Amino acid sequence: MLSPQDRQDKLVRATDLDALSCKYSINRNLYLNPPDEFVKDLVESYQRYLQYCVGYTGLSSSRALKGLFQEKKMPIINRGSYLRTRAIDQVVNKFIGEFKDRCQIVSLGSGSDTRAFQIFKSHANVIYHEIDFPESAKVKKLAILQNPVIRELVGTNETSPLINNKEQFESYSSELHTEKYHLHGIDLRTLKKPDSQIKGFQPEVPTLVISECVLCYLSPDEYQRTMNYWTEIADQNYMGFLIYEPMSLNDQFGETMTLNLQSRGLNLQTFSKYPDLISRKKFLEESCHLKNLRLTDMSYIGGYKVRQDGREWIDHKEMGRINKLEMIDEIEEIRLLLEHYCLIYGEYTEEKTLNFKGIDTWSWILS
């Protein structure tokens, strides 16, 4: 029988399956151009190994996966997933380009994300860290080792073992480390003081930390401690933070989102504590000591709000292509949904001459 904490952690880990199913859907429906060739590897790995994760059986894992991956996603969900993926990819690639590949990416709660593999195809020298719960990291590691293309991209000769039961899965190491790729099976809540837990981390190179709907599952205190951990480990060198997460806006739609999350056993404490861009900016500046903050919501990124300076996130030609894939009649509905998700960039550095100039390639609501 699972403890209350184990049950809660299982629910949080399950959100990675939600994200993967959304990525799978937009990939299948041709939103991604070029398509993501690695999504299927993560899906197949979950199909093999979810049954061995805490709280699952062969039957319950099969039901969970069938419900997520066989049901058609609504166009409004596909559009939001596309905008999220596209915007984050653009910032990450611009960061890598500006620092000419001599940089480091840290993806918190990376789970089934495939961004690292895409980046290695064109930026072989970037250092990439992925951190997630040990179980999630194991599923990802096994996906990597079962595909020779991904093995070559990350730089490992290790091959996949034979795992046929929970005991073998439980005893299997979640860690994978190469010269440029580091997969860490770590609960973020255990990162409290800078130490040797982050194998391969290089504090001397510019670093971008990504939290894509991850820190929002922590309490406000845990959120702040996690942010402070990374600013301390930066050792006064340049570190940028790219954060994507929901916010309540203290309105009726936000209340509906809260009830929906609670019905799934999820409690996003920062969702209402920092309900809008202004309160989040204050929290990140005053409690997390970030500077040069840029904040926007996904409605703005998607072009559902009027921009004054023309620095659009997605050009008209690309949006024209996307609009032809699936029709969305209720423009007000998607605008309202996207307003409740924010994208934030901030930086921590003691080096006054170093910053990420490319972040102003795009227009932001608040800076």
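Positions of Cβ are set from backbone N, Cα and C atoms, glycine also.
What Swiss-Prot annotates here:
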- ARG84, GLY109, ASP132, ASP187, LEU188, GLU212: S-adenosyl-L-methionine binding site (BINDING)
Work out the three-state DSSP category of ARG84 (S-adenosyl-L-methionine binding site). helix
Counting across all protein chains shown, how many other Cβ atoms sit within 10 Å of the Cβ of GLU212 (S-adenosyl-L-methionine binding site)? 22
Cβ contacts of ASP187 (S-adenosyl-L-methionine binding site) (under 8 Å, same chain, 6 or more positions away): PHE133, PRO134
Only counting partners 6 or more residues apart, tell me which same-chain residues put their Cβ under 8 Å from the Cβ of ARG84 (S-adenosyl-L-methionine binding site). GLU212, TYR244, MET298, TYR341
Return the residues near ASP132 (S-adenosyl-L-methionine binding site) by Cβ distance under 8 Å, restricted to its own chain and a separation of at least 6 in sequence. ASP16, GLY109, SER110, GLY111, LYS140, HIS184, GLY185, ILE186
GLY109 (S-adenosyl-L-methionine binding site), Cβ-centred 10 Å count of other Cβ atoms over all protein chains shown, is 25
Span of the recorded S-adenosyl-L-methionine site, as the biggest CA-CA distance among ARG84, GLY109, ASP132, ASP187, LEU188, GLU212 in Å, is 24
Which residues in the same chain, at least 6 apart in sequence, have a Cβ under 8 Å from the Cβ of LEU188 (S-adenosyl-L-methionine binding site)? LEU108, GLY109, ILE131, VAL214, LEU215, LEU218, GLU222, THR226
